Each structure stands twice: as C-alpha cells, then as structure tokens.
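Annotated features in Swiss-Prot:
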CARBOHYD  Asn139  N-linked glycosylation site
CARBOHYD  Asn334  N-linked glycosylation site
CARBOHYD  Asn363  N-linked glycosylation site
CARBOHYD  Asn416  N-linked glycosylation site
REPEAT    139-164  repeat 'LRR 1'
REPEAT    165-188  repeat 'LRR 2'
REPEAT    190-212  repeat 'LRR 3'
REPEAT    213-236  repeat 'LRR 4'
REPEAT    238-260  repeat 'LRR 5'
REPEAT    261-284  repeat 'LRR 6'
REPEAT    286-308  repeat 'LRR 7'
REPEAT    309-331  repeat 'LRR 8'
REPEAT    332-355  repeat 'LRR 9'
REPEAT    357-381  repeat 'LRR 10'
SIGNAL    1-26  signal peptide
TOPO_DOM  27-441  topological domain 'Extracellular'
TRANSMEM  442-462  transmembrane segment
Amino acid sequence: MTMKRALPSPSSLLFFFLLITPLFLCQENRVSASMPPSESETLFKIMESMSSDQQWRQSHPNPCAPGSSWPGIECKTGPDHLSHVSRLDFGSAPNPSCKSSASFPSSIFTLPFLQSVFFFNCFTHFPTTIMFPIKLIPNSSLQQLSLRSNPSLSGQIPPRISSLKSLQILTLSQNRLTGDIPPAIFSLKSLVHLDLSYNKLTGKIPLQLGNLNNLVGLDLSYNSLTGTIPPTISQLGMLQKLDLSSNSLFGRIPEGVEKLRSLSFMALSNNKLKGAFPKGISNLQSLQYFIMDNNPMFVALPVELGFLPKLQELQLENSGYSGVIPESYTKLTNLSSLSLANNRLTGEIPSGFESLPHVFHLNLSRNLLIGVVPFDSSFLRRLGKNLDLSGNRGLCLNPEDEFSVVKTGVDVCGKNVSSGGGLSVHSSKKKSQASRYYRSCFFANALFPFALFLGLHQRWVL
C-alpha cells in the first residue's frame, strides 16, 4: 500500500516564513553595515591622526555597524547598499577629543560621501595647516566644513577649497589663519554661511564677494582687513547677518547697502569708516541690530535711522557725531538699547524716549547736551543704572526728582550737587542687574529660522 506524503498546512508555511524572514533581514543589515575597504582604511588613518584613543582600530573594526557606532561618526547607506561616513565631529563632548599632537588630516577630502566636518579646539599644540590631497574626488558631497577655536591652525586659506562645490557652510573662525582671502572662495555659489572671523587675515575684501547670491550670513570680523567695503556687497540680496567689525576698513558705507532688504544684523564697529551714511539706509526695513561704534565719522547723526521700525539696538559710540539727537529716534518703538556716548552731540534730549515701551538701556554720556533731563521719576527708576547721562555739563535734573535720585552724575537744576558717576536711582527694591548680551538675542530670535532654512546640522554657529 502506497503512503501519500502529507502537504504542509498553510499555518505551518506561514510559521516557516515568519521564522526565516528575520534571518534574511539580519543578513541585509550585515551587508548594509559594511564599508568599502579603502574608505574604512582612510577612516582609520584619520582617527589615528586625531583621536587620543590609540586602540580605536581594534575596538571599532566596523564603525558603521549597528551597535558599534562611535560618537562623532555618522554613516549612511549609499546607492551601492554599502555604508559610508557622512559626518565627522571632533573636540566637543560627546564627540571624541583630539590628542595634543593632532594635525589636520587632508584625507577627509577623499571620503566620497562625507557631508559634514566639525573640528573644535583640536589643533592646540603643534602648528598645522589646511591641506588638500594631490588627487581630489570629483563632485565632493561636503556641505559643511567647520574649523573653530584651533590656536595652532595657521597658514593661508588654500584656494583649492573652491573645489568643494557643494559647500554650504564654511566656518574657519578663531584660528590663526593669515594672508589674503582667496578670491576663489567666492566661486562657491552654494555658500549660505561664511565665517572667517577672529583670524589674522589681511588684504582687501575681494570684489568677487558679490558672486555669493545665496549668502545669508557673512562674518569677517576681528581680522586686519583693509580697503573699502566692496560695492558688490549690494548683490547679496539674501544676506541677513553682516559683521565686518574690528578691521581696518576705511571710506564710506557703500550706497548699494540699501539693497540688502533682508539684513537683520549689521556690525561695522572698530574700523576707519567715515563720511555720510547712504540716504537709502532707511530701506533696511528688516534691520534689528546696528552696531557701529569707534569710527571717525564726524557727521551729524542720520535722521534716516529713525525710520527703521524693527530696530532694537543702535550703538554709535565714540565716532565724532555732532548736532542734535534726531527726533525720529524717539519713534523707534521696538528699540531696547541706544548708545550715543562719547560724541559731540548738542541740544536737548528729546522727551519721547521715555514713551518707548521696550527701552531698558540708554547711554548719552560724554556729550555736550544741555537742558533739563526730560524723564520723570518712573522712567528713571525703570532704567536705573542702565541710564547714563554723565559727562554732560549742561544737563540738569528737575528739582522735583531731587529726593528720588542719589549719587547722580547730573546736577539738580539751580543747585550744585554733582557727585560724579552715572545716574543712580533710589529704590527700596533690589536693583536689577544690567545685561548687555544683545547679540545672543539676535542669534536666538533672528537666526533660528535661518538655521532651519539650512537643513543641515544644528551644530553650526553664526
């Protein structure tokens, strides 16, 4: 008698399928977690030149494998279904620290899928320079290159940096870079943020600056740049932040600056700029912070600055301004801080300042102002030590406020009670502590949408 072979039931087939599927998935994960040998060898060499962990190669033979990833390294699966390094971060916790003998690894520019590099406080003991390998990979995918606070990173910015055509964020701040800014940088049409601040760069700002049509943030502050502000700056229509402070720039602010309609922050302090402001400066309707202390301007204060409705901070100290304080400044309803100290301003203080709801800092000291201080006791108490009118011999205080004010830098009208120092208001409550950290407010409020716009890493810094 022939026995018929029993067919597996549908339920047993389903069980078998569910049993073997995870095995295939695990095999798929193992494949996707592997890295091309040449790329893994490059990564090992980078880690050996940078990391203080000398056992890194043995401890992480496959750094992209699930469960084996290391802080500071991110991997992505490429179109070849293999894993590739997409991000390298060194120097700031929880990322790996750098060893004292670390030197700049030029081989990072040979990683074909690398999108972001961040080296913070890595090169601190031995001099090193930004180097490029002889042979570069075509069509580099690098979008962010940030080298910050590296006191031993010196030398010139290499023109070959212009080969990184996908670069959107270039931050080389707080290093010891020297020489001219290479014009080749301004061929990087994808750049949205360029920060070369706090170096020792010299020479002029290249005219090619105007090629960066997508630029949103530009910071060249704290260098030794000379020459004039290039007129091509007017072509940066998307610019939101401009910081050229603490250089040796001279001449006038170019007329074309009025075309920067998206500008929120402009700092030009500590230069040699002089002459009249552009008449069209009132077109900067998005401007919130204008910092321009310590320039030999020697002109009257521009009335047009009073027509900037979003202006929150205006600093024009120590610049030789003369004439009266424009009445238009009392119409700046969003103004929180105004400093016109150490100029040659004359006339009376406009009375409208006390009606500005957000003002908490007002410095008109060391001028030639005259007349009765036009502020009532409530305004004096509100500003407290954030109000400085000292050094104006022609000013006097209303006698009605004599008993609410102590240690004043302004005489009471008709009396001689000057005791020197700034204006200080008596109050039974504890005096509020002054805070002048205005720029942080700008980055938190004005540049947060900009950070979202970039769509890259949240680590980059304006």
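Here the Cβ of each residue, glycine as well, is placed from N, Cα and C on the backbone.
Sequence-distant contacts of the repeat 'LRR 8' (309-331) (same chain, at least 6 residues past either end, Cβ-Cβ under 8 Å): 264, 269, 285-303, 337-353, 355-356, 358, 363-364, 369, 438, 441. Of the ranges 190-212, 238-260, 286-308, 357-381, the one with the most Cβ pairs under 8 Å to the repeat 'LRR 1' (139-164) is 190-212.
A distance of 47 Å separates the Cα atom of Asn334 (N-linked glycosylation site) from that of Asn139 (N-linked glycosylation site). Among the glycosylation sites Asn139, Asn334, Asn363, the residue whose Cβ has the fewest other Cβ atoms within 10 Å is Asn139. Helix, strand and coil counts under DSSP for the repeat 'LRR 6' (261-284) come to 5 helix, 5 strand, 14 coil. Note: the Cα of Asn363 (N-linked glycosylation site) and the Cα of Asn139 (N-linked glycosylation site) are spaced 53 Å from each other. For the repeat 'LRR 5' (238-260), the model's pLDDT averages out at 98. Under DSSP, residues within the repeat 'LRR 10' (357-381) fall into helix, strand and coil as 5 helix, 6 strand, 14 coil. Helix, strand and coil counts under DSSP for the repeat 'LRR 9' (332-355) come to 5 helix, 5 strand, 14 coil. Helix, strand and coil content of the repeat 'LRR 2' (165-188), in residues and according to DSSP, is 5 helix, 8 strand, 11 coil. Tertiary proximity for the repeat 'LRR 3' (190-212) is limited to same-chain residues at least six positions away from its ends with a CB under 8 Å from its CB atoms, namely 143, 157, 165-181, 183, 218-230, 232-236, 238, 243-244, 249, 453-454, 460-462.
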